[in-house]
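Step one of this worksheet: look at the structure below.
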């Protein structure tokens, strides 16, 4: 019995799919386009892309075929710079994860029709066991299926009892789209387990920036950012990204990189005032000497050296360069912030000190100096023996060595080390400032405490230099507390408070213990107000006159007596 027409149709579909993938195998190898081997690092891929994209960029190369070559270079870089696409290409010959078979051949053997394609081993399909792999040489993979066996009745399966069309499609297209289970060939698993991603690590990441990310991580955070504004149609995007990665890699820790798709983030692009024409635009978000960040557009050549210089010029500039031979920490600075001095043998302010000054720009006062000899008196007094070194002056004027011989393996680790030291120093100063505030508050409370009137203090508190002396007379501890609270509250409302007791003020306040100063009270009234537990006396020493309130003392009554 002949093979039913529908199974012939199925076979035709399968063979057609294979043929399509044979054609796909003719696509250009991205590794060859960029001239790198398959184990190339991201750094090598970036360099190759950068070099070739500059060479064939349509703005610079008007030669025949330059445009097509430039597109090939960008397509190749798009695959190899994305770890997922690169992994798919390495596994399947297709960045989307669809298998492609290079140099494939059809044939038959022992009743099986087969196709040999890309892969480090040979795989074949059997009717009962699905895909199998056997050792192969080079980059071969064999897919085979049988047309033997009894097709049976109208619904018979000429491929054998265990054949499942989904199996074929699953292995051809990398997924069980036809409902069959996926049988992973060992070629894929072997390649996937070689740690491909780790071989290609080390690239500087360019982060996709949204409005939320800009608000939380970029705006006024003290960190310098390179920001690429683009749309998918923008020219020059890939070239700029490549140059950005080179620069961010060399200034890792001092500079971060991001890109804003203005098609998706229209409100952000409008907010920061960036409009796009045909080309992508590159900006640096920096601080220089202002505490608020701002965008500055880069308009130089598209090469790493020029862009790096631009970025270094726009790093924060909050540190003052000083001559260590003539330097001493200013004793009185406003605001009263901790001060730090970084010492190194660098001729110019180190990049990491620029970067760290931006992060702590409104929390510390920065200085830096070039030093080659640690015999300077300041350095010797603080015990500085090795460079680089970091010295601090606390808010209470104490000068101390934070660390010397700071280990700087690279820019990122150096910034991390300095950040840790400064955060610790900042905590110390916050504790000192808190202690100072508590002492000051206690001192002010003591200073503003209503004084007790005695025979020895009468002239000072209620002498002729005072126009009016308000005296709260108490006979018990409870009355004393009440009167002190009332008089303290009234004193806070006077404009000349603080001069009340010592400098010829017009108004002063005092408490008087009637049990101990009965003679003084008798001068106002012969009874000495013996029946009163609390009263107020407004005494005018220059005129020898007084007024009194001999009832329950309230704030309102006290204020009325004082006016």
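All positions are counted from 1 along the displayed chain.
Any Cβ shown, glycine's included, is placed from N, Cα and C.
Note: TrEMBL annotation is automatic and uncurated.
Cross-referencing 380-407, 408-435, 436-463, 464-491 with TrEMBL places the feature coiled coil at 408-435. Annotated by TrEMBL as region 'Disordered', the relevant range among 180-203, 204-227, 228-251 is 180-203. Model confidence over the coiled coil (408-435) is summarised by a mean pLDDT of 90. Applying DSSP to the domain 'J' (29-93) sorts its residues as follows: 45 helix, 0 strand, 20 coil.
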